[in-house]
Structure formats: structure tokens, C-alpha cells
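Engineer: Reproduced below are the annotations present in TrEMBL:
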type	residues	note
DOMAIN	111-187	domain 'Potassium channel'
DOMAIN	236-303	domain 'Potassium channel'
TRANSMEM	36-55	transmembrane segment
TRANSMEM	105-123	transmembrane segment
TRANSMEM	135-155	transmembrane segment
TRANSMEM	161-184	transmembrane segment
TRANSMEM	226-245	transmembrane segment
TRANSMEM	278-299	transmembrane segment
Amino acid sequence: MQQQTTSAWIFQELSSVFENQIPSTYKHFYIDLQTYFPLVSLFFPYFPLVVVFMLDHFYSIISMTSNDEKALKKRSIQGCKATLVAAKCAPPEALRAGYPDLKRLGTYFGIYLGVGTVIFYALKNDIRGHKTIDFIDSLYLCVVTMTTVGYGDLVPHSYNAQLVCIFFITVGMCLFGIAVKIAAKYLVVKQQMVMVNALRMSRKIGPVEALKEIESVKIDYNKLKISLIAMAGHYVIGILVLLTIEGMDFTDAIYCAFTTMTTTGFGDETFQELFGRMFAVFWISTGTSCVGQLFLYIAEIYTDIETKKLAKQVISNNIIAKTDLEAADDIKDGKVYGAADMILYKLKEKGKIKQDDISVAMKDLNDVIKDVDVDDVTPPKSAQEK
């Protein structure tokens, strides 16, 4: 009963903090912060409950289930303007239903780490290299294998262990493939939402005003900046640990940190101490996640820029330029006769037809009109009287 009460209190406190005290502008920082949390449950008994809660909260932010159609109707034009590129206006239900399930991916990674650690622990006698504690070494080897760092300080030396490593390497690559697919789907759905919002704005306030609104929207670079800061923090913390715990000199520490974060993992400089490997389990997992998020944010900014151009191009196609109207005006009476005159003018401008073609067509039309009897077009007298 006491454990349930404590868990409920944790949920309540975290919900209050993240919902009420964190501004919406910095929600993405909370999302980045969650990359530091896996595996902390090894040392804190209630941490699995916290992780489950945070993943659920993260999913609710991504899926935007709170933005229903009624909330969309209450938004002002300024609200849609401020969130056009960020795509925070509620999209149609068909688009919202296709959002990626990040909880499921997190579950897959958790199962991978758990099963991999147990199997490598069972095969501890078939693993050679510098060892500390069997459980920490198994977890360390599983993380190094999953993230494709592959130092080579712990390697299988039996037939069974090699087959297990082949299997886990393949599964790990598939998991990262799923992560790439989710990132791509996120960018595509976001682009669709931006286009939907742009077209809605165009219908509501007109294409000319919509273009002005789109032009005034700024690209959000905050997530990229925070991701760069997180990456720099990872490097600094990793270098400090390598200097103090592993006893490396400054050059070797920087070298090891960069080869690890880029998943190069030459293996000449690795974690050898017990506390160093315990730190590496967290550091490698969160560091490679930060690298992936950094690339995602770069791709997201590029997508936002191109989507903004595409939205402007689509809306511009519905606008007739003022110069075209002036050029199509009849000089004598200052009137535009209609769509037919505009179409003829644009065809002439693009070189599709010539004035001679129009003259020949008009001559044929005049000949047809002259051949028509007046009685054929004049209604009967009785009909006029009625």
C-alpha cells in the first residue's frame, strides 16, 4: 500500500511540474531530457514507473490528442499564423491517426537490452576481454552492440556466442531502422499538417493575406540549439569521466569521446574500470540518441524551409498578378471582359498561340454569325407577347 501511495505521489508531482511549470516553448527540452533516463531504474526502485509515465506524457504531446476540432475552431488567425510552420494547429483526424508510436519503440529497445543482457550474462564464460563484474560487463556489451560502437574490448570467442552476437547485431540494426522510419513519418506528417493549415488560412482570409502571413513566420531553431548544447554537454561530461575514472590523458579522452559518439569505436581507447563501464552504459545510450535527435532536428529545419516555399507556391497559383490584369484590360473602356480574355492573354504570353491564330478564329466566327438568319435567333412574336 505504501509503495502504491508513493508511486501515485510521483505521478501527481511530475504531472504538475511538466504540465504547469514548464512553458510550452521548452516542451522539446523535456523530450530531450528523457533520453537520459533509461537504465537508471537499476539504481532507483521507483524509476520504472516514472519512465512509463514520461513515455505516456511524451506520446500525448506527439499525438496532440488534446487539440480537438472544437479547439481548432476557437483559434484566431494570429494563432494559426504563429504555429503554421510548427504545425501545432490540430490536423484532420486522418493525419493525427498516423502519428508514430514512440512508446512501442521504447518498449522494443527495453526488451532488447533486457534479453541481451540476460543472454550475454549466461554466455559470460564465452566472452573474452578485460572484465569487471559479469552483470555490468553483459549490459555494457549489449549497449555497445546495439549502438554499433563495437569497441572490441569484449568479444565472443565461441561458436554459440558468435551466433548470438550476429543475431543481436541484426536486431539492433532493425530497431534503428524503425527509428529512422518513425523520424521520416514524423517529418512527412508535419509537412502535411503545414500544407493543410496553409490552405485553410488561404480559404479563410484570402490567398494574398495568407501569403503575407506565411512570409512572416519564422523558422524555429530552438530545438536545434538545445540539441547542440546537449551534445556539447555529453562530450564535456564524457571527457571528464575519462580523465578522472579511466585515467586517460586529455588527447586520448577527447579521441575516445568523439570515436564513441560517432559510433566509430576503434577500440584502442575504451572503458576498463567498473565505474567507467557503468557510466558508459548511460553515456553511450543517451549520447547516440542525442546524435540521432540532432540529425532529426537538422532535417526538420530543412523540411520546414522547403515546406514554407511549397505552401507559398501552392497559394500563389491561385492568385492572378495585378500586372496581368492591367495588361489584359481593354484600353478603351477600362474593363476586363472575363476569364476567356485572361486565358487568351496568358496563352499569347507563353507563346502557345499567336494573334494571327486568334484573328483567323474570329474571322471564321464572324462568317458563321453572318450566315445565320435573323429569324433563327429571333423568338416568335407570339412568344414575345406572352
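Cβ atoms here come from the backbone N, Cα and C positions, even for glycine.
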Engineer: Mind checking which residues reach the transmembrane segment (226-245)? Cβ under 8 Å, same chain, six or more beyond either end.
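Structural biologist: Beyond its ends, the transmembrane segment (226-245) has Cβ neighbours at 28-29, 32, 252-254, 256-258, 260-261, 269, 273, 275-276, 279, 283, 286-287, 290-291, 293-294, 297.
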Engineer: Under 8 Å between C-beta atoms and at least six residues away from its ends: which parts of the chain pack against the transmembrane segment (105-123)?
Structural biologist: 38-39, 55, 134-135, 137-139, 141-143, 145-146, 156, 158, 160-161, 164, 168, 171-172, 175, 178-179, 182
Engineer: Count up the helix, strand and coil residues in the domain 'Potassium channel' (236-303) according to DSSP, in that order.
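Structural biologist: Helix, strand and coil residues of the domain 'Potassium channel' (236-303) number 51 helix, 0 strand, 17 coil.
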Engineer: For the transmembrane segment (161-184), could you work out the same-chain residues 6 or more beyond its ends whose Cβ comes under 8 Å from its Cβ atoms?
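Structural biologist: Hits for the transmembrane segment (161-184): 100, 102, 105, 108-109, 112, 116, 119-120, 123, 126-127, 142, 145-148, 292, 296, 299.
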Engineer: Let me know the model's mean pLDDT on the domain 'Potassium channel' (236-303).
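Structural biologist: PLDDT averaged over the stretch: 90.
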